[in-house]
Amino acid sequence: MLKAKILFVGPCESGKTVLANFLTESSDITEYSPTQGVRILEFENPHVTSNNKGTGCEFELWDCGGDAKFESCWPALMKDAHGVVIVFNADIPSHRKEMEMWYSCFVQQPSLQDTQCMLIAHHKPGSGDDKGSLSLSPPLNKLKLVHSNLEDDPEEIRMEFIKYLKSIINSMSESRDREEMSIMT
């Protein structure tokens, strides 16, 4: 059984914990409380399998605190990560400015592929859902960008996240197959 480690990173108050709870079907937190360090959620998704035989997959979703005071812990969090989801509040201009820093630290420095990264522009309830006006500069404009609004269309983000998990598992399976073939030859 494959086990994938996915990091949820991004600025403070971007909605990482709310999204993580929703996507892993964990309990809801109604009152805001900043994540201290990291919170690890383990889950399985019946829609994601590692091969045609339907072998299940396990996931660890690491909900990482967005405060800069945890920056010294980031290298340890990144160890053995298979994917990174950068969550930001699309309604806060400073979050957009921080995106390149999160991308550099969590995707470029550990040499992950862009396909292993997904951006989520999270819209908090009542904030409106302006999907059209978000333009990102290179290299962020090459990444998969998904808008989430858990109030208006919660299933859209769930389906996009399942697609993302499938791509991570496919990449892991291909890598494992290549490794097995190199051992046999």
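Using N, Cα and C of the backbone, Cβ positions are placed for all residues, glycine too.
Pro125 (GTP binding site) carries neither a helix nor a strand DSSP state and counts as coil. Listed in sequence order, Asn149, Leu150, Glu151 are the same-chain residues at least 6 apart in sequence whose CB falls under 8 Å from the CB of Pro125 (GTP binding site). If you look up Swiss-Prot, you'll see 10-17, 63-67, 123-126 marked as GTP binding site.
The phosphoserine feature in Swiss-Prot is assigned to Ser137. Around the Cβ of Ser137 (phosphoserine), a 10 Å sphere holds 9 further Cβ atoms from the protein chains shown.
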Roughly how many Å lie between the Cα atoms of Gly10 (GTP binding site) and Ser137 (phosphoserine), rounded to a whole value? 17
Quick one: pull the CA-CA distance for Glu13 (GTP binding site) versus Ser137 (phosphoserine), whole Å only. 22
Neighbour tally for Asp67 (GTP binding site), based on other Cβ positions within 10 Å of its Cβ: 13
Taking only same-chain residues 6+ apart in sequence, whose CB is under 8 Å from that of Lys16 (GTP binding site), what do you get? Phe8, Val9, Gly10, Thr35, Asp63, Cys64, Gly66, Val87
